[in-house]
Amino acid sequence: MASAPIAPYNSSPLGNSSSPNASRESLKMEPLADVAMLPGEERVIDKDIIYICPFNAAVKGKVFITNYRLYFKNTDSETPVILDVPLGVISRVEKMGGASSRGENSYGLEITCKDMRNLRFALKQEGHSRRDIFEIIFKYAFPLSHGMQLFAFLSQEKYEENGWNVYEAMEEYRRQGVPNSEWRVTFINKNYELCDTYPTILVVPYKATEEDLKRVATFRSRCRIPVLSWFHKENHAVITRCSQPLVGMSGKRNKDDERYLDLIREANGTTKLTIYDARPNVNAVANKATGGGYEGDDAYQNAELVFLDIHNIHVMRESLKKLKDIVYPGVEESHWLSSLESTHWLEHIKLVLSGAIQVADKVSSGSSVVVHCSDGWDRTAQLTSLAMLMLDSYYRTLRGFQVLLEKEWISFGHKFASRIGHGDKNHADQDRSPIFVQFIDCVWQMTKQFPTAFEFNERLLVVILDHLYSCRFGTFLYNCESARESNNVRVKTVSLWSFVNRDTSLYINPFYTPESSCVLYPVASMRHLELWVTYYIRWNPRIQHQQQSPVEQRYKELLALRDQYLKKLEELQLSDSAPSSTHLTNRSTPNAATPNQHITHLQTPF
């Protein structure tokens, strides 16, 4: 029997056995030899159960629940069938069948996961045999709904590097070339008084006073004023980000806001400031009814407004649901292309990438831009971070990509808690949406189109998404910096980057070629985009053998060949330098040039 899929990028063992504080009940449990528990992880319950594997027959085994994970191992076969699922991945737990249900394995539990898979377990129909396991999974998968802490606050993992120090705002702005004569740093938000979802350090036009900033804040949704995200060192054009103006149905104007946007334009002396509104035009107009809106031509005369037609969080949530339906558990080959098209997932990826290309191109040609959606924390973050990835090769390094996520997503207040629902049982919450998953998908599309431009590999992207859900690290918890500050996240939890940076070799792309001044323009057309199979369909064991593309295989072969030639060259050089055989050295010298020539040729693509 083929084994069930195992999480491909599980962490390596970090300690064993349960904590000394474990209850007496857990001391009586079977030893859990196969899985090394994390420091701070404690056993809660284990139970004989049947896993209804969608790829094989029903499998008898034992499920172990800790305060961090659900772990299942079969007992009825020599071939291991293992599930290792962080509880944070669980979106929903439901009872399947009732006491009077007929049919084999019709009584049990159905678990919906956030990572594209569902799990079904059956129990014997006697008494209330599933009550204890249901209540424990429900309680530990949704700790915040039960007045308990997320596992990140219970974890006792230790790492050499403190990942919380990866991003220092002032250091990053200095790297970009600010402050300067056009842009200044302001600490007006040091206590989150100007905007409670913005970071404490902001960069604003040099000529804008603190009073200007306060007045502009009154006219921008959630007080999210236009602030600098990225500065182009050569042409001094900038990417600024904000939320929608509060125009409303009556078409309100705000002279301070209009003047402020003009200061952004004036900073590098361009005639027009381009405002990229991520929304479809019709949505932006509809937002006027709720007090929002967009920058009209009459009020913002030195600006041009471009709508990018990217749909809202609700459309994206439904699109991913449809994608899940066609990829798990089975993939129907006969109608695959039409089924994929009906999800519109790649269409949305295309629109996000296309918008980011427009932003990057405008800045690269010397014009400053303002980017916003409604509140400036979803589509805005997608557009600014992707444009910055295209423009700035630093963000394409392993460390730089971490800085990009910390800056544009975490520091600038993408609502991770609301969008992901960490530890919250309300699976139908309308605030949930895969905005960050979509962004990572766009990054993956770029890595496929530019296989030598990124220092990091696909594995990093999968690990980031796995721990987006796992609640093992504090990196993606809460909605904004002020909430993380008040919950002492940097002190009480470990950063994901501590874990990633302890062994960077796992995440390095061997084909990376540093290219400092190159701007990347991916092709955002449906013909050039593809479904990220190794993420969305990874739980299907039949997909595993297709994971490596022929191009990647060829690269690996070339690398192996290069290593062989280097080894041969080293051996020849050693034999050349041997003092005892002058005649041999003379004979070998011409031959030594041959591998050297091959090496030069082979190294060209790298």
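Every residue, even glycine, has its Cβ placed from backbone N, Cα and C.
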Annotated stretch (region 'Disordered', per TrEMBL) among the listed ranges 1-26, 105-130, 235-260: 1-26
Packing count at CYS373 (active site, phosphocysteine intermediate) (other Cβ atoms within 10 Å of its Cβ): 28
Helix-strand-coil residue split for the domain 'Tyrosine specific protein phosphatases' (343-389), DSSP-based: 32 helix, 4 strand, 11 coil
